[in-house]
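S.K.: As annotated in TrEMBL:
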| type | residues | note |
| --- | --- | --- |
| SIGNAL | 1-19 | signal peptide |
| DOMAIN | 62-297 | domain 'Peptidase A1' |
| ACT_SITE | Asp80 | active site |
| ACT_SITE | Asp266 | active site |
Amino acid sequence: MALLVRILPVFCYALAALGQAVPQTIQLQSRSTPGGSALRRRALSPASEPLTDFFLGTDLQWFGNISVGTPPQVLTVVFDTGSSTLEFASTLCGTACSQVKFDSTKSTTFVDGGRTSSITFATGVGVDPVIGSNYKLTLRSAKDTVSVGGLSAKGISLFLITSQTAKFNIDPFSGIQGMAATASGIFAALVSQGLPSLFSLYVTPKAVGNAELTLGGTDPSKFTGTPVFASLPSGSGSTWQLDSPGISVNGKTTSVLKTSRTIIFDSGTSNILFSTDTANVCALSLSMKADGVLTWT
Ligand SMILES: *[C@@H]1O[C@H](CO)[C@@H](O)[C@H](O)[C@H]1NC(C)=O
């Protein structure tokens, strides 16, 4: 059972996490174009869109607009690096879904996939812990046109939420767009149309504002210095993770904190989850103050 420690969630990361640690050297290699083939131009330029902070006494999640179907229906989703599929409330959900719902009968490009499934989420939206399957969605597979930040692709696999547990009813957004490390759905389609395979999230406390998603690049107005790109450790699969040799809290560390661990970067939650031992040490070191600085290297 993990205890939760909250920090100010100001972080920004791209295809590889922006480290704050040691500068790394990146080996660049030149490649020659195979004879006779023309160099292909990148077909799509990066696009940014503003994100709204879901604030409920504290910053919980950040969400932005997508549009689905023909004609487009605007829905809001959390861009979640901790999952890999697109799912949103649909009119099939009825009163169990309190959010803005997608009506597939109004889309001429909608194709029903006919499969049903469910997802149970492992990290809560913030103040409430995950207990058993209290964050569970029931889904139906489908395909339709999806647009994000003005970039559009047809025939994107997605899931309609046909039922959800009551925990989702406080959500001011309709669904979740998975942004796991193996590109899928709309993002994979945009990359195959020529969008650079990179995205950035700038998520800030409400007082700072200006949260943003950039697809296909970074927004230089959101950071200073040069981003450090780190490779995912082998075996990471679709998980955004880095190996960490230790944690320090307000510049101090202890034997419990100075242990190798894997850190997962999950933009779908504002919680930091640790084992009980580690969480207890962090909490004691912070004297339970909300805005201690927790860093890892
Ligand atoms: C999201 O879409 C709605 C409805 O079209 C629009 O009113 C709103 O301005 C959009 N929000 C952002 C942040 O673009």
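Placement of Cβ uses the backbone N, Cα and C atoms for every residue, glycine included.
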S.K.: Counting every protein chain present, what is the number of Cβ atoms, excluding its own, within 10 Å of the Cβ of Asp80 (active site)?
M.R.: 25
S.K.: Whole-number answer please: how many Å between the C-alpha atoms of Asp266 (active site) and Asp80 (active site)?
M.R.: 7
S.K.: Find the average pLDDT over the domain 'Peptidase A1' (62-297) in the predicted model and report it.
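M.R.: Mean pLDDT, the domain 'Peptidase A1' (62-297): 89.
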